[in-house]
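K.L.:
Quick one: this structure, given as structure tokens, is what I'll be asking you about.
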Protein chains: 2
Amino acid sequence: MIVLATRNQGKIAELRDILAEAGLTRPLVGLEDYPEIGEIPETGLTFTENALIKAHAVAKATGLPAIADDSGLCVDALNGMPGVFSARWSGVHGDDKANLDLLLAQIGDVPDEHRAAHFACAAALALPDGTERVAEGRLEGRVIRAPRGTGGFGYDPILVPDGDTRTTAELTPEEKNAISHRGRAFRALAPQIATLLT
Amino acid sequence: MIVLATRNQGKIAELRDILAEAGLTRPLVGLEDYPEIGEIPETGLTFTENALIKAHAVAKATGLPAIADDSGLCVDALNGMPGVFSARWSGVHGDDKANLDLLLAQIGDVPDEHRAAHFACAAALALPDGTERVAEGRLEGRVIRAPRGTGGFGYDPILVPDGDTRTTAELTPEEKNAISHRGRAFRALAPQIATLLT
């Protein structure tokens, strides 16, 4: 069994799909089965630092291999922010709508040609003995002016990937996983998970 | 007469003091005397771009020499943001308390050793004929965890300059002007203003 270090149901669903497609057949459980594990402070200054902090904390607490990710939206006009602050951009952790509305208001005056952005993800595996592996993935695009679509979570309704006209919230889960930052990071990590856990 | 391209009373008072100390004796008026000049969109990606945009717009509209500045708080942990977005960080332009509260919430988990920040200012002069001059100034410090002090405006209550224990909102106007980003930028610009306008 592998523990996914998140209580975000949207993320758990995505990771199950991505890892199953990558051939990982071990059962996966989310943190909802471990109510005794409290909030893990994301004090890192990079996605990789935070992913490793979470994976190690959960591997240690559960005695099981743990997978974590940290991801976010990096907006060029905001020097790469919200970045590691994506989930708490509005000051309230996990309020997707408040975070997204704030971001749109902040860059309201930024013209279309300066609205490039990318989703970034660091995916980490940690074992109870301290072994760790990490991989990164990106999805380049641009931030539009009003949310569109109901799929995904977080900033999905406002990012249009390069070469597409739909937001990532307007893609099917399969389409999104095929190109997403999280898909790319976990597909890069999956062979390392398989090697370590066989 | 020189027009100061701002309606911010706190900024007008500061600039009068700074420019008078720098020996500039021409009468200064703020935009409150020019209600016909609407909001000037700050579409630049740098303080210098925005200061020049505002100075040129006001010089053109009034037919008088115009002085403008753009300034803000650059937080290392936020990759230099809020930066040019400082006055609209909360999504509402000019709500000092909302901007400051949001910033403190965003970096609430950032440990003390990573809370370095600086105030930055670009000061610009533009003449109706298109002549322009610009100068920059900085004040290095760190962001504390709760506001202190009633002086100044903007983010003054949360920045403690290096070498001090008080926030810039706890300094006297004279103390603040002597070290501030705006003081430094306008003292660097003042001789150029004097040369051009004599």
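Even glycines carry a Cβ here, placed using N, Cα and C.
Unlike curated records, TrEMBL annotations are generated automatically.
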K.L.:
Of the residues B:Ser71, B:Ser90, only one is listed by TrEMBL in the substrate site with B:Thr6, B:Arg7, B:Asn8, B:Gln9, B:Gly10, B:Lys11, B:Phe153, B:Gly154, B:Tyr155, B:Asp156, B:Lys176, B:His181, B:Arg182. Which is it?
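P.N.:
My reading of TrEMBL gives B:Ser71 as the candidate in that site.
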K.L.:
Under 8 Å between C-beta atoms and at least six apart in sequence, can you list the same-chain neighbours of B:Gly154 (substrate binding site), or say none if there are none?
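P.N.:
Listed in sequence order: B:Gly10, B:Gly72, B:Leu73, B:Ser86, B:Ala87, B:Asp96, B:Asn99, B:Leu100.
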K.L.:
Near the Cβ of B:Asp70 (active site, proton acceptor), how many other Cβ atoms are there if near means within 10 Å?
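P.N.:
The answer is 28.
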K.L.:
Looking only at B:Asn8, B:Gly10, B:Ser71, B:Asp156, the binding-site residues on record, which one has the least crowded Cβ, with the fewest other Cβ atoms within 10 Å?
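P.N.:
If we count Cβ atoms within 10 Å for the binding-site residues B:Asn8, B:Gly10, B:Ser71, B:Asp156, the smallest count is at B:Gly10.
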K.L.:
Minimum Cβ neighbour count within 10 Å among the binding-site residues B:Thr6, B:His181: which residue?
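P.N.:
Ranked by other Cβ atoms within 10 Å, the binding-site residues B:Thr6, B:His181 bottom out at B:Thr6.
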K.L.:
Could you tell me the C-alpha distance between B:His181 (substrate binding site) and B:Asp70 (active site, proton acceptor) in angstrom, no decimals?
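P.N.:
One finds 11 Å between the Cα atoms of these residues.
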